[in-house]
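*Asks:* Pasting a structure below so you can have a look.
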Amino acid sequence: MKIPKPILILSSCYSRVQVEFYMNENTFKERLKLFFIKNQRSSLRIRLFNFSLKLLSCLLYIVRVLLDDPTQGLGCLFETLLLSYLSYKGNIWEQILRIPFLLEIINAVPFIITIFWPVLRNLFIPVFLNCWLAKHALENMINDLHRAIQRTQSAMFNQVLILISTLLCLIFTCICGIQHLERAGNRLTLFDSLYFCIVTFSTVGFGDVTPKIWPSKLLVVIMICVALVVLPIQFEQLAYLWMERQKSGGNYSRYRAQTEKHVVLCVSSLKIDLLMDFLNEFYAHPRLQDYYVVILCPTEMDAQVRRVLQIPMWSQRVIYLQGSALKDQDLLRAKMDDAEACFILSSRCEVDRTAADHQTILRAWAVKDFAPNCPLYVQILKPENKFHIKFADHVVCEEEFKYAMLALNCICPATSTLITLLVHTSRGQETQQSPEQWQKMYGRCSGNEVYHINLEESTFFAEYEGKSFTYASFHAHKKFGVCLIGVRKEDNKNILLNPGPRYIMSSTDICFYINITKEENSAFKKQEKHRKNHESKLSYHGASRLPVHSIIASMGTVAIDLQDTGCRGASGATLALPPEGGKEGRRPSIAPVLEVADSSSLHTCDLLSDQSEDETTPSDEEVSAGLEYAKGYPPYSPYIGSSPTFCHLLHEKVPFCCLRLDKGCQHNYYEDAKAYGFKNKLIIVAAETAGNGLYNFIVPLRAYYRPKKELNPIVLLLDNPPDMHFLDAICWFPMVYYMVGSIDNLDDLLRCGVTFAANMVVVDKESTMSAEEDYMADAKTIVNVQTLFRLFSSLSIITELTHPANMRFMQFRAKDCYSLALSKLEKKEREKGSNLAFMFRLPFAAGRVFSISMLDTLLYQSFVKDYMISITRLLLGLDTTPGSGFLCSMKITEEDLWIRTYARLYQKLCSSTGDIPIGVYRTESQKLTTSEPHTASQISISVEEWEDTKDTKEQFSCRGNHRNSTSSDQSDHPLLRRKSMQWARRLSRRAPRHSAKTAEKINQQRMNLYRRSERQELAELVKNRMKHLGLSPAGYDEMNDHQNTLSYILINPSPDTRLELNDIVYLIRPDPLTYVPNAAASRKDSFCNTVGQDTREETQL
């Protein structure tokens, strides 16, 4: 392109220069070029006119053939010559040898000659070749159309158009050529020529119509050769574009986006587990069945995802688009501006998690810039990056939730399992056909979720308007079996969990409750009052019973029997103390829950004052040991956006040198955990680095409502030394230490006090989260935890895994028939379509294993329940709202068994302290029978059947003993004896018949000796290392383990569920500062106990 020569005009008056640019465009050629080529709209009109002329000439040729009229159509030679002139750039032969130019000359020049020489008017002109010129004009017209409307149509559309037009031109040329040439032969009509061409090009070749003269035969050969060359090229380009489109996913229809509802899922890489978790949870809600899911991912779809998306159930509702959220054109393809929501998930398998967060932040910014009104649901990994996406509607920070949940697991057992079950959608139908009672109850209660409803519109809670919150919660649970856990005022966005008995329910309140299903899907029927015969059968004769309120799940609807809720007197027979359980000084019955709180009936305030007196006057031992703590907000937070929490703090921060557990300094000379002489057992956290998220592990364990006498020392076992910012944040908390070491090293474990620890939390390492083979990212963690399990069998180990499917390897015992039976049960539940197939694995049910990917459903569920993230944060202690309660637990002791049932416990707590129970954590002796119809003893092969029967009886007689070495010894399993019995049989064939029993006994003794020697060998190894390090092996208990017990959670069990010894009840306790006047000034002195003996004294059980 020539550089324009500006004209300079000098002004003598003002000494200014006027410059006129682009003077070369004022020439006649440039103006023609602008009109015919550069201007898209004028060029489009000209090409459309040219295309119409070419089609008209072809039609006129057909008419002429049919009428045998020599009339000719006008050509466009002038336009062709003009365009050639305008496109001329110095090479004349390039313009002349162009195929469109040659075709135009062939069609136009003979016609011009016939105008001046009429004698040549009978000369044949191949006007039908204008079809190729029409094809060329159509392609140019489509390009001009795209430029004019500023939109790029699909390349697939263009290629299909080219292919169809090429095929039509070939057939039309062959038809007209054969018909013209056969005038000297068969004199074929146009229809005969069409028939011949179709039969020939389709390779059928009937032979009834054939060319007779050699020119027509030559034309057929030429056309077939051209077709064999041109059509495969066109088909190859079409196939390539089709494959590329399959990879990229094409576009989401604008019409569908405006008429149907859809959500967009933005991910860095899509794995099959992530996809199925999202789809199962998203489509579990009935009102989302008509939604489309558009997946926007920059990587190509892998084979597993492709196979799943070809399933009819998903192929009609899930659309995969390969593209980036940072490109507006890809967001336009996904119709982001019309989407109902956009879910942006981080890639947690990345080695550099900070880089993964940066990508997530940019995606969120790009979506917000492109579609400001689209609701954003964002998952972030690091808490320090959370403030960048505060504009998002819902945010889940993985490390915040993970560490807070692991911390509560140390105080309230299996909190991770409790939260996971609450945020998963389930109807509670899992294992309802199982012969084991615990699986039925556990599976049934797992269907409980959190729902909401307006008070005035609710059948559950409408009658409690103007009454206290605890009264409404107790009577709603008694009558309907629902657990009211929180409320939200109409004019306030904050949710209050158990605001306490002082809170009066209002008609405009939003109630949050736990139930099998929401009230809108429930039907109510009145129950008959006469139940004398039925009540006589309610005597306790098992671990627990099925619900009395007859929850019948059918097609998403629950029918609930209404029970009599008349307030019984204090001396009612159903609440009376059993005669044999009465003790002096204990009240014979439980006080009723008052409709309106009375200050005289609230024990919470008295407890607060008593506790404050006790805590404000520390003992001499505490003063000498320096254990007097203050209460306040941490002065330093390691990242922006952390919620301030009232905590136990030190009056002065500890020097950084004193935070190191294994090295002495000028302030103390302790070099191991035992030297400190801690009164409470340790909580050890094994992590790779001291990230900012680890701060959320410490805060819940030092919250102000935790009794200071029950604070457990926290030891951070870190692979890498922490930075100064992290140490500056934790140096204000009491009894928090760190040590550089690894769980791979036994010496490091012993120095950090593993023999004195109550809980060992193993956090998944970031450097091992990605592996070449899927599911191998947890290999190192699993093997290390298995080693800990073998070395310290009495230690409670809580493990975080990357993949939930790997939890089957936790505390793995290859020949445990019970674990094998649970594995079969998991497979059956997965085949039935259960979203919680892994829930029956014993480590998960007991809360000893956790995967953060289980909480992905929390973000998905927030699309329907926008309050779930807030409620979860309140339960975990990540957020503290004034007036909102907190999650804690209490243990049922022998002195508490007189209460008998869960309903009476509910009443006792509501009437005394205002606590709301939401579930029970139960531990039972592990049965050695499988879930199959035949027991283990029936499928085993033994030499002496009476010995197997005797062993089985001994095992079941010791069911209540948690340290029963008989049931925990793997050598006594019938399936394990199978091989040894076969060995004994082979031995008996060589010996006399009477030696079979002797051989069996010898074999059993050898197996027991082998097992005992292995355990003793491990114990000797640990003791020798402790002696080598100068540690006393006195606290090491190598024989104590819990292998013969199983634990599980019952969320919102039925009111008539019997309480058992050592049951741990989950409570939502009201904020103690709510009842204290001038709470801000008295926070230092007013606190409420959480667990243990103080809890039992408060509830007066």
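Glycine is no exception: its Cβ is also placed from the backbone N, Cα and C atoms.
Heads up, TrEMBL stuff is auto-annotated, nobody curated it.
Pulled from TrEMBL, these are the listed features:
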TRANSMEM  48-66  transmembrane segment
TRANSMEM  160-181  transmembrane segment
TRANSMEM  188-206  transmembrane segment
TRANSMEM  218-242  transmembrane segment
DOMAIN    260-396  domain 'RCK N-terminal'
DOMAIN    680-820  domain 'RCK N-terminal'
COMPBIAS  927-941  compositional bias 'Polar residues'
REGION    927-977  region 'Disordered'
*Asks:* Among the recorded stretches 48-66, 160-181, 218-242, which has the greatest number of Cβ pairs closer than 8 Å to the transmembrane segment (188-206)?
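*Replies:* Answer is 160-181, with the largest number of Cβ pairs below 8 Å.
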*Asks:* Give the mean pLDDT for the domain 'RCK N-terminal' (260-396) on the 0 to 100 scale.
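*Replies:* Averaged over the domain 'RCK N-terminal' (260-396), per-residue pLDDT gives 90.
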*Asks:* Which numbers of helix, strand and coil residues does DSSP report for the domain 'RCK N-terminal' (680-820)?
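*Replies:* Reading the DSSP string over the domain 'RCK N-terminal' (680-820) gives 55 helix, 29 strand, 57 coil.
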*Asks:* What counts of helix, strand and coil residues does DSSP assign across the domain 'RCK N-terminal' (260-396)?
*Replies:* 59 helix, 28 strand, 50 coil
